[in-house]
Amino acid sequence: MSTKGNNRASLPTSHPLQRLASPSPTVSSLIHFLGLSSFATAFKYLVDFPTLINDSYGWHFQYLTILGLSLATVTFTFGSLADMTSSQTLFRAKNLLSTCTTPLEVLIAILYWSLRSIDKNLVIPEFAQLPLIADLSFHLFPPLFLSVDFFLLSPPWTITARNAMALSTTFAFGYWFWVEQCYKHNGYYPYPLFDQISFAGRIGFFILSATVMTGSTITLKWLYAAMNGKIMETLQGEQDKKKTKPFAIEKSS
C-alpha cells in the first residue's frame, strides 16, 4: 500500500482563518524576502550616512525605531527560513515574535508620524535629517510589511489583553531604562523630545506608549477577526449552498 497519501494527510494544515499558505515558497516567501530587503536597506543607510550616533554609547540601538527594525528583521528571518524549510517550529517562532514586533512597529509609526506632524524636531535631531525614502524605510515600511504578514500569512493571535499590557509595559519601561543608561554615557537623549519634557513627563510618555502598544495589539486582533472571519463566513455560506442545491426538480404528475 502506498504511503504517499498518508504522508500528505500527516502534513500540518494552516489555521482556517489564515488567508494565504504559509510557510510556502511562493507568495509567503516573496513577502518575507521583500520585507528583509527593505529592512536591510534601512540598516545600510545608517552605515553609509553616519552621524555622531554611530560613535556614541549604544550606537543607533538608542532609538526605539532601530530596536523595532531589529525585531522586525529577526521576525521576518524566521518567516523566511520557515518558507525555505517548511518548518512549523520556525513558523511558530515567527508568529510568537510577531505578537510583540507588529504592535511595537504600529506604536512607533503612530508616535513618530504624530509627533513629526507637530514638529519634526521633536523626533529628528538636526544632525540626523532623513530623505523621504529613508524616512519611510524606518517608520512606515516595517509596520506595513508586518501587518501584511499578520493579516495574510499568520494564524490569529491568542495573546490576551492582560498579557498584552504586561508585555507592552515591560518593553516600554525597559526601553526607558536603556535610554537613561545611554544618556549617562552620552550626555544627550536620542530623541530631542526627551530633553524638552521633565522626569514626570517622561514617565507619562512611557505609560502612554505602553497603553498605545496594548491598544494596537487589541485592535489588530479585532481587525484580523473582522476581516478574515467575514471571509470565512462567506466561503462557508457558499459551500453550504452547494451542498443543499438540488441536482434535479421532480415535476409533479
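The backbone N, Cα and C atoms fix where each Cβ goes, glycine too.
Here is what TrEMBL says about this protein:
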type     : residues : note
REGION   : 1-22     : region 'Disordered'
TRANSMEM : 20-43    : transmembrane segment
TRANSMEM : 63-84    : transmembrane segment
TRANSMEM : 96-115   : transmembrane segment
TRANSMEM : 127-152  : transmembrane segment
TRANSMEM : 159-179  : transmembrane segment
TRANSMEM : 199-224  : transmembrane segment
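Between the transmembrane segment (96-115) and the stretches 20-43, 63-84, 127-152, 159-179, 199-224, Cβ pairs under 8 Å are most numerous for 127-152.
Counting same-chain residues at least six beyond the ends of the transmembrane segment (127-152), those with a Cβ under 8 angstroms from any Cβ of the stretch are 19-20, 22, 27, 31-32, 34-35, 38-39, 41-42, 45, 51-53, 65-66, 68-69, 72, 75-76, 79, 94, 98, 101-102, 105-106, 108-109, 112-113, 220, 223-224, 227-228.
Same-chain residues lying 6 or more positions outside the transmembrane segment (63-84) and placing a CB less than 8 Å from one of its CB atoms are 22-25, 28-29, 32-33, 35-36, 39-40, 42-43, 46, 53, 90-91, 93-94, 97-98, 100-101, 104-105, 108, 111-112, 138-139, 142, 145-146, 149, 153, 175, 190-191.
Contact check: the transmembrane segment (159-179) against the transmembrane segment (199-224) gives at least three Cβ pairs closer than 8 Å, residues 6 or more apart, which meets the contact criterion. Beyond its flanks by at least six residues, the transmembrane segment (199-224) meets 17, 99, 102-104, 106-107, 110-111, 147, 150-151, 156-157, 159, 161, 164-165, 168-169, 171-173, 175-176, 193 of its own chain at Cβ-Cβ distances under 8 Å. A Cβ distance under 8 Å defines the sequence-distant neighbours of the transmembrane segment (20-43), meaning residues of its chain 6+ beyond its ends; these are 14, 69, 72-73, 76-77, 79-80, 82-88, 90-91, 134, 137-138, 141-142, 145-146, 148-149, 152-154.
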